[in-house]
Amino acid sequence: MTKIIVPATSANMGPGFDSLGLAVNLYLTVTIVGPSSQWLVHHPFGPDVPSDEKNMIVLSALTVDHDIEPQELRIESDIPLARGLGSSSSAIIAGLLLGNELSSTVTLSSETIFQRAAQIEGHPDNVAPAVFGGIVVAGPNPAKPKTFLHYQVQLPADYLPIVVIPDRQLATSTSRDVLPDQTDRRQSVQSSAQSNILVASLFNNDWANTVHLLETDRFHEPYRLKLVPELTEVRRIAHDLGLSGSYLSGAGTTVMTIVKKDQAGNLLDQLKKSEKLKGAQIQALSFDAKGARVIRD
Ligand SMILES: Nc1ncnc2c1ncn2[C@@H]1O[C@H](COP(=O)(O)OP(=O)(O)O)[C@@H](O)[C@H]1O
Ligand SMILES: N[C@@H](CCOP(=O)(O)O)C(=O)O
């Protein structure tokens, strides 16, 4: 049976709000069981997520080709919903790949799948690493309205991502609602400078400085902190160990820390001891370098 696999993503690396994201080894897997008289989606997400043609994956597939035959689908997922790990992006991309597989008239390239998914999401920071894998800088293409440019960064060999995933959902739309419409000019200039330096450090594989720059966001973290106080606790614990590299993953509630591999065990031990992080899923991950893929047999 054909399987579609899409990784989870962590957007908003540092001051790279809406433009810098990375893919990790948590996956959404969609198995195409076969044709059915109507769309039937077996999934583990409970009654709030539709199991018929209203499911986000099916809706996305139908944007590729309205005439595709209904299918029975089986969904497995390690990506928790509404926690800042790009579950909606992975569902949209899985749907576009599904439509691509099932259509007899349309064939989409990875580039087109990325562009369409970014248009649907409205920002490319999750969908770029979800489609292409790794760490990606992406943003609006000034030469072509409604399209996006994207550039992939080399992955660091000696760092890995650690996630703290609170046992609490936060819809991206809710978390965007707390952001101000305007920011101060001085602050914007400083944030823009730090974002530029962060991108330069990423392309120079300078992770000793990158981890500090990951903590310089002023676009969203100050406003979202009240929704995700765990960020303060993770930073406190990491700083006590002399470690930087923590940021709010996407719109929250996940907190991501990029840490040197030889420090990961130390940090995990301390995070797991914290009363304030009780109930959170705390684990070391790895970067996903491949991005979305289709496995046919
Ligand atoms: N695999 C999926 N199938 C169907 N709907 C999904 C799937 N993954 C996510 N969604 C929808 O997207 C919502 C979460 O999107 P969002 O608030 O953007 O959070 P995030 O993308 O950070 O996980 C879920 O509540 C659900 O409605
Ligand atoms: N830049 C977006 C990223 C949202 O990511 P998600 O994983 O929470 O969907 C934002 O901050 O709103």
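Using N, Cα and C of the backbone, Cβ positions are placed for all residues, glycine too.
Heads up, TrEMBL stuff is auto-annotated, nobody curated it.
For 69-134, the entry in TrEMBL reads domain 'GHMP kinase N-terminal'. Here TrEMBL flags Pro80, Leu81, Ala82, Arg83, Gly84, Leu85, Gly86, Ser87, Ser88, Ser89, Ser90 as ATP binding site. The annotation domain 'GHMP kinase C-terminal' is assigned in TrEMBL to 201-273.
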Fewest other Cβ within 10 angstroms of its own Cβ, chosen from the binding-site residues Pro80, Gly84, Gly86: Pro80
Which of Ser88, Ser90, the listed binding-site residues, has fewest other Cβ atoms within 10 Å: Ser88
Overall pLDDT of the domain 'GHMP kinase N-terminal' (69-134), taken as the mean: 97
Entries of Pro80, Ala82, Ser90 (binding-site residues) sitting next to ligand 2, with Cβ under 6 Å as the cut-off: none
Binding-site residues close to ligand 1 - of Pro80, Gly84, Gly86, Ser88, only those whose C-beta is under 6 Å away: Gly84, Gly86, Ser88
Same chain, 6+ residues apart, C-beta under 8 Å of the C-beta of Ala82 (ATP binding site), given in sequence order: Gln169, Leu170, Ala171, Thr172
